[in-house]
Structure formats: C-alpha cells, structure tokens
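Contents: one structure, followed by commentary.
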Amino acid sequence: MGVTTALPAAELGLYSLVLSGALAYAGRGLLEASQDGAHRKAFQESVRPGWEYIGRKMDVADFEWVMWFTSFRNVIIFILSGHVLFAKLCTMVTPQLRSWMYAVYGALAVVGTMGPWYLLLLLGHCVSLYVASLLGQPWLCLSLGMASLASFKLDPLISWQNGFVTGTFDLQEVLFQGGSGFTVLRCTSFALESCAHPDRRYSLADLLKYNFYLPFFFFGPIMTFDRFHAQVSQAEPVRREGELWHIRAQAGLSVVAIMAVDIFFHFFYILTIPSDLKYANRLPDSALAGLAYSNLVYDWVKAAVLFGVVSTVARLDHLDPPQPPKCITALYVFSETHFDRGINDWLCKYVYDHIGGEHSAVVPELVASVATFAITTLWLGPCDIVYLWSVLNCFGLNFELWVQKLAEWGPLARIEASLSEQMSRRVRAVFGAMNFWAIIMYNLVSLNSLEFTELVARRLLLTGFPQTTLAVLFVTYCGVQLVKERERTLALEEEQKQDKLKPE
C-alpha cells in the first residue's frame with residue numbers, strides 16, 4: 001500500500017522547504033568548520049594551497065581523485081583520445097574487425113602502462129579460465145575465478161604478482177588492482193557464459209577481445225560477457241536517433257561534475273575533517289550529520305564521474321555500458337544500495353539471483369546474501385574493516401526481508417489495511433528514514449573510518465537524543481517522501497509510455 005499514492009501538494013511543498021532549510025543549515029556549519037580549521041596543524045597534509053588569489057585552500061585528502069586530475073590527467077586524456085580516434089578510423093574502414101582493433105589497442109596500452117610481463121601474467125589467468133570453460137562445469141569456473149581473484153588480494157601471491165609490473169609510479173597499486181581484479185571477473189563471466197551456452201562455442205579470441213577493451217580495463221564498469229559480445233559483434237552498428245546528443249550531454253555533465261567537485265573542495269573539507277576526531281567532535285550535530293552524509297554523496301559522485309567518462313567513450317564505440325550507480329540520496333533500501341552497478345549486475349546474475357531466486361524466502365535469501373558478500377569481501381580485499389562492512393550490509397539486506405515478512409503477518413497486515421493509502425505511505429517512509437541512516441552508517445565504516453562512524457553514531461543517537469535524533473529523522477523522512485514522489489511520477493510516466501505503445 002502507498003507505493004503509487006500521491007500526497008497533497010502542500011504537504012510535499014512543506015517537505016521540500018524543510019529539507020532545503022536543513023541542508024542549507026548543515027552546509028553553513030560545515031563551511032564555517034572548514035574555514036576555522038583550514039590552518040590547523042592536523043590539516044596541513046591534506047589541505048593544500050588552492051585558489052591563492054582569493055585565499056582558498058583545497059581538500060586533497062583523496063589521493064586517487066587528485067592523481068586523476070593532476071599528474072595523470074594528460075595521460076588519461078591522451079590514451080582515451082587515442083582510443084576514440086583509433087576506434088572511429090577502424091569503424092569507418094573495417095567495421096567487421098573493430099573488436100580486434102579494440103583489443104590490440106588495449107593490449108598495447110596495458111604494455112605501455114604496466115609493462116609486458118604484467119600483460120603475460122594476465123594472459124595466464126585468461127588462458128586458465130578459458131581451459132576451465134571447456135570442461136563445461138560452472139562450479140569449477142566460479143571456484144577457479146575466485147581462486148584467481150584471491151591470488152591478487154592475499155599475500156604472498158599478491159606481492160609476487162605485483163613484481164611483474166615494470167617500474168614504479170603513483171597510481172601503480174590502483175592500476176594493478178583494477179586491471180587484475182576486473183580481468184578475473186571478466187574471465188569468470190566468459191567461462192560461466194560458455195558453460196550456460198555450450199552451443200555458441202566461444203573462442204579464446206572472444207575472451208581476449210572482451211578483456212582488453214581499454215575503456216573498461218582498469219576501472220570498469222564491468223559488462224557481462226554475453227552483453228559485450230552481442231554488442232561488439234555487430235558488423236555494421238547503427239546509432240539510434242538522438243544518441244549522439246545524449247553522448248555529448250553525458251560528456252558535458254561529467255565535465256561539470258569534475259568542476260563542481262573542484263569548487264566544492266575549496267570550501268568544504270569533508271574528507272579532512274573526519275581524520276581529526278577532536279575537531280570533528282566540536283561540530284554541531286547538524287553539521288556532523290551533514291558531514292557523514294556528504295562523505296557518501298562524494299563517493300557516489302566520484303564513481304559517477306569515473307563511469308560517466310568511461311561510458312561516454314564506450315557509447316562512442318556503439319556499446320551500451322551499465323548505468324552509473326544510483327545516487328545515495330535516492331536510496332532508502334539495502335536491496336538497491338551499490339556503488340558500482342557493473343559489479344552489482346555481475347554478482348546478481350552469477351551469485352545472488354542464482355541462489356536467492358525471487359528473494360522472497362528467508363533461508364535462500366540468507367544463503368544468497370552471505371555468498372554474495374563473501375565474494376564482495378574478496379573483491380575489496382579481506383581485512384577487518386571490510387569484514388565489518390560486509391557483515392553490517394549483509395545483515396541490513398536480510399533485516400529488510402524479515403521486516404517485510406513481519407509486516408505481512410496477519411495482525412500487522414490488518415492494521416496497515418485499516419489505514420488510508422496516504423497514511424500507509426507515511427508510515428513506510430518513517431521506516432525508510434531509519435533505513436537510510438542505517439545505510440549511511442554501515443557504509444561510512446569503509447568509506448571513512450570506524451572511529452568517525454562511532455563518533456557520528458554516539459552524537460546522533462546518544463548524546464543528541466531525543467532532539468537531534470528526532471530532528472535528523474524528520475528531515476530524512478521529508479527526503480524519503482520526496483524520493484518516493486519522484487519514483488511515483490517516473491512509474492506513471494513509464495506506464496503511460498507503455499500504454500501508447502500498445503496496439504489499439
């Protein structure tokens with residue numbers, strides 16, 4: 001009940017006003033905290049000179065972001081521009097061979113970046129999973145894939161394989177982990193698809209063309225082999241009407257997002273402040289809640305920018321890559337929470353949906369979620385903080401199903417049935433608000449630190465109870481209602497679109 005129910009416009013307007021005011025108030029507190037702490041000794045390493053002509057310093061605590069858009073910016077632009085030009089030329093001259101050209105260019109780029117021995121190392125993993133696929137046993141392919149992934153995540157094998165990289169540079173560890181990890185997932189997808197469709201007889205060449213497609217190689221997103229092979233095998237790809245306009249819009253949006261993050265980091269030191277717990281503890285409750293929320297929003301923006309740039313290049317190559325991750329602001333259920341849609345699709349297809357089925361039974365759902373988060377833990381790199389993150393999110397995912405089953409229980413179901421649809425939506429939004437903060441706290445553990453998460457939880461739930469707790473929940477409730485209204489509008493638009501397509 002309440003899913004497709006509209007609320008009065010005045011009520012939604014009040015929610016918008018409350019949410020806007022709360023965000024502005026929290027933002028003001030963060031801005032003042034950033035200004036006051038700019039010259040703190042604890043901030044010297046991660047707050048560096050920025051716009052010196054107006055005296056603004058910049059938060060440079062995120063090593064990857066700084067490297068992407070400073071020392072490695074020109075290299076990234078050069079390599080991706082070369083791929084675009086090379087791919088366009090091949091598509092015009094020999095479109096039937098374009099998949100080969102993508103693979104050759106990608107392999108050369110890997111050799112130029114990481115060295116020939118690293119390429120041979122990855123080829124060894126590719127061949128081993130290709131051989132496993134010939135046996136037609138999915139359990140063997142998945143087991144070997146996870147063993148290969150573990151070899152890149154656990155010592156002493158990770159140190160030994162890291163020695164295959166030529167030279168040393170700032171982003172070496174990031175590129176090594178990205179290229180190796182995504183290679184294993186792609187090869188495992190190939191092997192599992194080969195087992196699922198033995199009549200199609202995929203070759204080793206198909207695997208190499210899939211794995212060494214450069215835009216996806218180091219940072220993803222990952223496309224499952226069946227989707228990639230079907231799209232890249234089109235002899236004469238044709239663009240849909242308006243597709244080029246959408247590609248330009250996506251590229252422009254990525255540039256705007258990069259500029260917005262750069263401007264934001266000159267005024268809000270959201271990554272540096274949590275590292276100084278003594279200073280963070282001085283923040284007012286509203287600013288501290290905003291700080292926790294903004295850390296997750298930034299991680300989403302970072303992923304969206306990375307996938308946006310890569311996806312723009314992929315769409316120029318006539319591919320349809322996975323969509324960017326769903327904005328954290330629009331998430332209030334664990335089942336939709338992910339920061340990498342490609343890996344999420346991979347896990348759902350080969351593990352989560354395969355074991356959990358319709359995700360309506362408690363025991364199969366528990367087994368499916370445990371298996372999924374076990375693989376996710378291996379992907380992220382086993383350590384104490386990842387174990388904790390996996391346990392918390394696995395619990396949250398299952399707890400949602402338990403609450404849903406409880407709500408369907410006779411007495412509670414009758415109580416909800418006695419409510420109006422609008423009131424049912426309001427009650428569900430209250431639980432959505434609490435779930436929203438559970439998602440933030442559970443993911444803040446890995447995105448920031450356990451100590452900062454403990455500080456936020458203590459301030460919002462203990463020392464701030466009940467005023468701060470209820471105020472934060474009410475503001476979040478307003479946000480959840482606005483998200484629900486947006487979802488309702490989109491669902492109605494999609495329904496109207498489908499009605500128009502039906503024959504009369």
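Cβ atoms are placed via backbone N, Cα and C, with glycine included.
What TrEMBL records for 12-31 (among others) is transmembrane segment. Within the same chain, residues 267-268, 270, 273, 283-284, 286-287, 289-291, 293-294, 474-475, 478-479, 481-482, 485 sit at least 6 positions outside the transmembrane segment (12-31) and bring their C-beta atoms closer than 8 Å to a C-beta of that stretch.
The transmembrane segment annotation in TrEMBL covers 65-87 (among others). Within its own chain, the transmembrane segment (65-87) has Cβ neighbours under 8 Å at 98, 101-102, 105-106, 109, 113, 170-171, 174, 214-215, 258, 261-262, 302, 309, 313, 316-317, counting only residues six or more beyond its boundaries.
According to TrEMBL, the feature transmembrane segment maps to 99-120 (among others).
Residues 79-80, 83, 102-103, 105-107, 109-110, 175, 178-179, 182-183, 185-186, 189-190, 193, 197, 202, 206, 306-307, 310-311, 313-314, 317, 319-322, 340-343, 345-346, 349 of the same chain, all 6+ positions outside the transmembrane segment (212-230), place their C-beta atoms under 8 angstroms from a C-beta of that stretch. If you look up TrEMBL, you'll see 212-230 (among others) marked as transmembrane segment.
The transmembrane segment annotation in TrEMBL covers 251-271 (among others).
For the transmembrane segment (291-314), the residues of the chain that approach it from at least six positions outside its boundaries are 26, 30, 62, 64-65, 80, 83-84, 215-216, 219-221, 247, 250-251, 253-254, 257-258, 261, 268, 270-271, 273-274, 280, 283, 321-322, 324-325, 327-329, 339-342, 440-441, 443-444, 447-448, 452-453, 456, judged by C-beta separation under 8 angstroms. Feature annotation from TrEMBL assigns transmembrane segment to 291-314 (among others).
When Cβ-Cβ distances below 8 Å are used as the criterion, the transmembrane segment (427-445) is approached by residues 2, 292-293, 295-296, 328, 331-334, 337, 385, 388-389, 392-393, 396, 400, 403, 416, 419, 452-453, 456-457, 460, 472-474, 476-477, 479-481, 484 of the same chain, each at least six residues removed from its ends. What TrEMBL records for 427-445 (among others) is transmembrane segment.
Under 8 Å from some Cβ of the transmembrane segment (465-483) lie the Cβ atoms of residues 7, 12, 14-16, 18-19, 22, 285-286, 289, 329-330, 332, 425-426, 429-430, 432-434, 436-437, 459, all in the same chain and six or more residues away from its ends. Residues or ranges marked as transmembrane segment in TrEMBL: 465-483 (among others).
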